[in-house]
Ligand SMILES: O=C(CO)COP(=O)(O)O
C-alpha cells in the first residue's frame, strides 16, 4: 500500500514526531512510503525507505496528485501549515482535490493522521 507523507515547513517537527511515534507501522513490508522532497529527508533520517519526489514548491505535490489520480497512492498524510502562504497553493489544492475525487483518505493534520494509522493497524 502506497502512502504519501507531505509536511509544510511549519509542520516538519510534527511530522518528525509523528513518524518517530509510528516507525513500526511505516517499516512494514507492505507499506511503500513516498514523499515530497524535504519531507522525505525526515523519513530517511529515521531510517525509513522512502521514495522522494520533487520538493513541494517545485512540483512534488503535483507529482503525488498524479499518483492519487492514477490509483497508485492509497493514502495521503499532509501536514498543512494554515498560518503561512505558499507559492504553490494551486498544487496543494490539486492534491487535496484529487484525494476527494478518488476517495483516497487524506489527513491534513497530525490528529487525523493518527486516526488513519489506527485504522491501518486494525
Ligand atoms: O511544500 C510542501 C507541500 O506543499 C512540502 O514540500 P517539501 O517536503 O519539499 O518541503
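Just so you know, glycine gets a Cβ as well, placed from its N, Cα and C.
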Check your understanding: Do you know which of 88, 102 TrEMBL groups with 8, 12, 36, 37, 38, 39, 55, 56 in the substrate site?
Key -> 88
Study note, to complete from the structure: What DSSP reports for the domain 'MGS-like' (1-122) is 64 helix, 22 strand, 36 coil
Exercise for review: Report, in whole Å, the straight Cα-to-Cα distance of residue 61 (active site, proton donor/acceptor) from residue 38 (substrate binding site).
Suggested key: 12
Check your understanding: How many whole Å apart are the CA atoms of residue 8 (substrate binding site) and residue 61 (active site, proton donor/acceptor)?
Key -> 11
Point to revise | Which of 8, 88, the listed binding-site residues, has fewest other Cβ atoms within 10 Å | key: 88
Study note, to complete from the structure: Cβ proximity for residue 55 (substrate binding site), under 8 A, sequence spacing 6+, ordered by residue number, returns 36, 37, 38
